[in-house]
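*Asks:* If you scroll down you'll find the structure; I have some questions about it.
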Amino acid sequence: MSCPVIELTQQLIRRPSLSPDDAGCQALLIERLQAIGFTVERMDFADTQNFWAWRGQGETLAFAGHTDVVPPGDADRWINPPFEPTIRDGMLFGRGAADMKGSLAAMVVAAERFVAQHPNHAGRLAFLITSDEEASAHNGTVKVVEALMARNERLDYCLVGEPSSIEVVGDVVKNGRRGSLTCNLTIHGVQGHVAYPHLADNPVHRAAPFLNELVAIEWDQGNEFFPATSMQIANIQAGTGSNNVIPGELFVQFNFRFSTELTDEMIKAQVLALLEKHQLRYTVEWWLSGQPFLTARGKLVDAVVNAVEHYNEIKPQLLTTGGTSDGRFIARMGAQVVELGPVNATIHKINECVNAADLQLLARMYQRIMEQLVA
């Protein structure tokens, strides 16, 4: 017997939606949602396709996700072409199977089943879908959220379908995320000949004590909801490639994943104070890609935990670990935000796959969440 969740996932995988190209995925989802009475508003910005869809009125539960995927890498290393979905030994292979076309299919099928059983549901059910989450994310969810906030749209609860699970569906639910702050730092020196160091000023030598002190800082100890803030140097570049030239500049890029114990301004102030302490000549640029957010126990978290316990008979861990997601933008609307999706073991990898039975289970969990919050 065919399964509508698997069939829709396969249809989505066949559309090679390399970010920010949607490749027809949203048209497919919109057709399904309009057929069950959703009003759909396309909200495209530049090269990114987005849509906001809703049905009903009142307290609002939105499901959020992205149709775009990362490049598949060397297609010859896949057991099957990455955009030709294949099921082997119960596993559905294809780029986007886990991140996150399987979740999108589960959301839509759950909505179809929910509406069939509750055609006059009490609350409002909504979808916020973008084609740019994996790349810059500049014209995706963040722009939709800004537009919705400008007209005072209501959003009480949001479930993001990112692959949150580790071993089985629902073993981990993300009820928050750390903030992300990147520093692009250039240390200025004076270029010269290595045989005449007194005529130059080596920025690598000057920066070494600063960097040594920077990496030794314990920024905080975290708290009951967040791990300790982490700082990692991601890129470092200097020199001309020649062994007889002292470089004139050193570029260092480092990233903070920070908890609610800190603010981005506190981090910036400490870094700048350290630069001044070491008397460095520098230019600095900051990129704040997301503030930390946390959804405490409440109606949404309780509904998600209930759905997982009902269908998988496990109590999920509530964690805030991992990278950023579009949940950071949606949280600005004051909504409770939680992430629940399939196992993430193969996301962005060659031979990305998801257990087909897990997607069926996920659709049932999503439907039960709808029933608890907007039926």
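The count begins at 1 with the first shown residue.
A Cβ is built for glycine as well, from the same backbone N, Cα and C atoms used for every other residue.
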*Asks:* Among Glu59, Glu134, Glu309, which residue does Swiss-Prot annotate as binding Zn(2+) 2 together with Asp99, His348?
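*Replies:* According to Swiss-Prot, the candidate sharing the Zn(2+) 2 site with Asp99, His348 is Glu134.
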*Asks:* Name the one residue among Glu162, Glu167, Glu213, Glu218 that Swiss-Prot lists for the same Zn(2+) 1 site as His66, Asp99.
*Replies:* Glu162
*Asks:* Pick the one among the recorded positions Asp68, Asp99, Glu133, Glu134, Glu162 whose Cβ has the fewest other Cβ atoms within 10 Å in this structure.
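*Replies:* Minimum Cβ neighbour count within 10 Å, taken over the recorded positions Asp68, Asp99, Glu133, Glu134, Glu162, occurs at Glu134.
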*Asks:* Compare the Cα of His348 (Zn(2+) 2 binding site) against each of the recorded positions His66, Asp68, Asp99, Glu133, Glu162 and report the nearest.
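*Replies:* For His348 (Zn(2+) 2 binding site), the spatially nearest of the recorded positions is Asp99.
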*Asks:* Enumerate same-chain residues with a sequence separation of six or more from His66 (Zn(2+) 1 binding site) and a Cβ-Cβ distance below 8 A; give 'none' if the list is empty.
*Replies:* Met100, Ile129, Thr130, Ser131, Asp132, Glu133, Glu134, Gly140, Thr141, Asp326
*Asks:* For the C-alpha pair, I'd like the distance in angstrom between Asp68 (active site) and Asp99 (Zn(2+) 1 binding site), rounded off.
*Replies:* 9
*Asks:* Across all the protein chains here, work out how many other Cβ atoms are within 10 Å of the Cβ of His348 (Zn(2+) 2 binding site).
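*Replies:* Other Cβ atoms within 10 Å of His348 (Zn(2+) 2 binding site): 15.
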*Asks:* Tell me whether His66 (Zn(2+) 1 binding site) sits in a helix, a strand or coil according to DSSP.
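*Replies:* The residue in question, His66 (Zn(2+) 1 binding site), is strand (DSSP, three-state).
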